[in-house]
Amino acid sequence: MFLLLPFDSLIVSLLGISLTVLFTLLLVFIIVPAVFGVSFGIRKLYMKTLLKIFAWATLRMERGAKEKNHQLYKPYTNGIIAKDPTSLEEEIKEIRRSGSSKALDNTPEFELSDIFYFCRKGMETIMDDEVTKRFSAEELESWNLLSRTNYNFQYISLRLTVLWGLGVLIRYCLLLSLRIALAFTGISLLVVGTTMVGYLPNGRFKEFLSKHVHLMCYRICVRALTAIITYHDRKNRPRNGGICVANHTSPIDVIILASDGYYAMVGQVHGGLMGVIQRAMVKACPHVWFERSEVKDRHLVARRLTEHVQDKSKLPILIFPEGTCINNTSVMMFKKGSFEIGATVYPVAIKYDPQFGDAFWNSSKYGMVTYLLRMMTSWAIVCSVWYLPPMTRQAEEDAVQFANRVKSAIARQGGLVDLLWDGGLKREKVKDTFKEEQQKLYSKMIVGNHEDRSRS
């Protein structure tokens, strides 16, 4: 029989007491408040403390740069090129005028100087285009003590180095272990809870339990990211029979929204852990999952969504029409499919604060596990959510126009740039139609002016 020495027994006892105290604190201050949807204000106090530390760190670096007669690196938030919103015709007129050529109205034919316009536009696009920079992390104006966000290493003092090292220990040893425990708790409760609810007969009681199980588990998962969320205009929250559309930055957008509302999810059937979660969730709630072979069938997808929204007793569908993650500086083209089925649309704008951690998932650079590790080793996830008034398709609108109107409303409320480009350009080459569009504009300018002159 194996006997413990007195010293070994003491260590085991202390370890057991420590784990008991840790679990008790976890239960009392995090899990129980998450279950009931209340907060003790600890996270907001934590956020205010971090802001003061970031401000102090920035002042220290500015002082170090000043002593060396240098300036700190500052990102160009509006781009590195000053661009005036002028048309192709106006710019070519200006080029011909400055080159002492004849005016465009007098000479509709091709001029050799016209190529300077296209050369300049090409060089501007290579240096600073408005599309590809939306697929990389947003640059910060100040350092947040995460090494991956600092461009001013040479101005770090000894005090800042010690503070950064202390931050690494806190994030990777204390916060990471705590967050993993919370995430495991939330996911386990979601799978077990929804599976058990799924065995109940359909009715109000099952719907009541399903709603509160989902909310409880998502709120625990929100705590696992130390997410500090501010919800605005809750009176506009999506209702049954509608579609909730939002800008898309990260997979955690789902958790952010689902911790404050009850939604039917739409997505492709997965395997592994995600597949286990999906199968458990659909037992308790009418989510809309598609097989891989069905996703490409637009008519089948539209029919399934239409059938869902026509039943006013079913939950609002949560959809991200961009179809890919954007870095939360802009909103890109909304796919029209969600706007063709004639349901009431409830727009939602989500804006993250990158000071505490970059929520953007660059899926072409990081896998899901790496991304979640980055999230759980950040300081926090801070964001604001705005519920906009419901919108319906007008009689004279087609689906594309309706989608653009909803997109503009989301961009305006969230302080994001409204772009017409397709987010699919993250992985695909630019279509020839985009290239041909510039050729058509130039041809129309030349040929059109020539035809007008011939008629007169």
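Cβ coordinates come from backbone N, Cα and C, glycine included.
What you see is a predicted model, and the numbers here were worked out from it, not measured in a lab.
Check Swiss-Prot against the ranges 180-200, 243-263 and you find transmembrane segment recorded for 180-200. Between the stretches 156-176, 282-302, Swiss-Prot puts its transmembrane segment entry on 156-176. Mean per-residue pLDDT, taken over the motif 'HXXXXD motif' (248-253), amounts to 90. Helix, strand and coil counts under DSSP for the motif 'HXXXXD motif' (248-253) come to 1 helix, 0 strand, 5 coil.
Here the Cα atom of ASN362 (N-linked glycosylation site) is found 15 Å from that of ASN247 (N-linked glycosylation site). Note: the Cα of ASN247 (N-linked glycosylation site) and the Cα of ASN328 (N-linked glycosylation site) are spaced 8 Å from each other.
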